[in-house]
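For reference, the structure discussed in these notes is given below.
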Amino acid sequence: MASKRQSPTSRNTNALYQATRPGGSSIGHASPSSGHSKSITVLGLLADLASLKGLLYVVAAIGLLTLTLQRPGSQLVNISLSTSNYQSFAHTSSQQCQHPLHSDRPSIQYALIIDAGSTGSRIHVYRFNYCKGSQPTLEDEVFEQVKPGLSSYTDPTLAAASLDSLLQTALQNVPQSLHQCTPITVKATAGLRMLKGDMSTRILAAIQTKLDKEYPFPVLQKDGVVIMEGSSEGVYAWITVNYLLGYIGTAKRHLTAAILDLGGGSTQIVFEPDMAADTNDAGHKTLPEGSHRYDLTFGGFTYHLYQHSYDGYGLRAGRQRILGVSSTTSNSNNHQPCVRKGREKDIMAIDKIPDIIGTADGFGSCSAFITTHLFDKSESSCKLTPPLRTCSFDGIYMPSLQATFPHNDMYAFSYFYDNYAEPFNATSEFLVGDLKAAAELVCKGDTLKLTDVGKQLFQENPHWCMDLGFMHQLLGTGYSLPDTRKMKTAKKIKGIETGWALGSAIQILDGLITSGGKDGACRK
């Protein structure tokens, strides 16, 4: 079943195309409302006036500008039915305003993002308006998810077919008159990136064919159905978080937040460093050029972002690296200090590895094992050449977070939330050192401080000791954050998912405007 969210700015209004009966009962498509709204919009009208359905579609098609409607006990409502375009943009009415603030923007615009992750796929149906300015304001979000992920299929046609239920959600939630002007993109992440041979290419081709032949939505010409680069994934997530926090897209320049996203196959970090504050790197007053630098212009401001995606350092990939080390080292008994005693068979069955002996008795030995084998930061591992000086793990350049980003908010997402914040009831913020304390408890088998979610996870996830150790070492050793560094975390900000999908949608809309609607133009 599709889930529906509204942005905080629209909590006291109905969703587009919803009607509310006097007294608060809804007609047609359900959406959160204050219970006091008396607005009547097209689908609600159709619910009571079914005989006018065909007429209304005809009226909309020929471009009648406005209907003024009133029901007993309700306020007057103007419903725009204009189908005139600004270049490729179709207009329809917003619940926030009758007209966009700028005439070169549409009143309302939908965007469809399919996130094809390593464990499943999900669609986000976003509705934006341009009531407040030249930047889009999120008015509504609908999402639905399916499992397993595309990488689980050996037949490309079946992989593509797994998205049909998601696409039906799009058909049902985007007004039919806007189907052909609602851009869609499918972006696969690390799971598909790791498939061998040409299977990923064949799966993407099957999806492209399905969208072109079976659905009305225009697929973006550039990167419409792709395996997304890890750098883009991180930057889109950064846009999402800072947009929802109100740090970007406003009239005033704000300090921005960093994002650290831990997925299954990879982990990303994106932040805006203050290079002038790093006294140990006095040669750089601005972020050096390179693949790590992403210059983003949004809302009239330019942001010089550091970004990097560490493939093979996601949580699931990290497990494989840890277990792989224990089976290839000189330790003939395959002792594994990050596996609790009694969980060996579970892990061997899941990961299909030879016999191991779990020796976890706390956090210390697991921490040392992970540091030695996964987060080597010795000079010999550093691949940098001048003028780059500051080396992160895996030989990658990264400005010092302590020096260039000492006080701004840092948000940790995805598995940081699912595997630590929620089961330990730390759902808004935590210290880096709290991960260490959590690992100590789980590796010892102490469940007293766990929430109900945590107790269930303790039973279901035999890797949990290892996972918490990996997360602490990623932040502490990998990114050189002290145990006293405060981290923020959230599944949602202002009721909206904190992943990369919203940021991608915002970038798509910005591209539609700046390209004159050429990419993502309405289908004929």
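Just so it is clear, glycine is given a Cβ too, placed from its N, Cα and C backbone atoms.
Unlike curated records, TrEMBL annotations are generated automatically.
Keep in mind that this is a model prediction, so the values were computed, not measured.
Sequence annotations record features per position, and here TrEMBL assigns active site, proton acceptor to Glu233. The annotation ATP binding site is assigned in TrEMBL to Gly264, Gly265, Ser266, Thr267, Gln268. Annotation source TrEMBL lists compositional bias 'Polar residues' at 1-17. The region 'Disordered' annotation in TrEMBL covers 1-32.
A straight line from the CA of Gln268 (ATP binding site) to the CA of the residue listed as 'active site, proton acceptor' spans 8 Å. For Gln268 (ATP binding site), the count of additional Cβ atoms within 10 Å of its Cβ stands at 29 [all protein chains shown]. Put plainly, the binding-site residues Gly264, Gly265 were compared by Cβ crowding within 10 Å, and the winner is Gly265.
Here Thr267 (ATP binding site) is positioned 10 angstrom away from Glu233 (active site, proton acceptor), judged by their C-alpha atoms. Residue density at Ser266 (ATP binding site): 25 other Cβ atoms are found within 10 A of its Cβ, drawing on all protein chains shown. Cβ neighbours within 10 Å of Glu233 (active site, proton acceptor), excluding its own Cβ and spanning all shown chains: 25.
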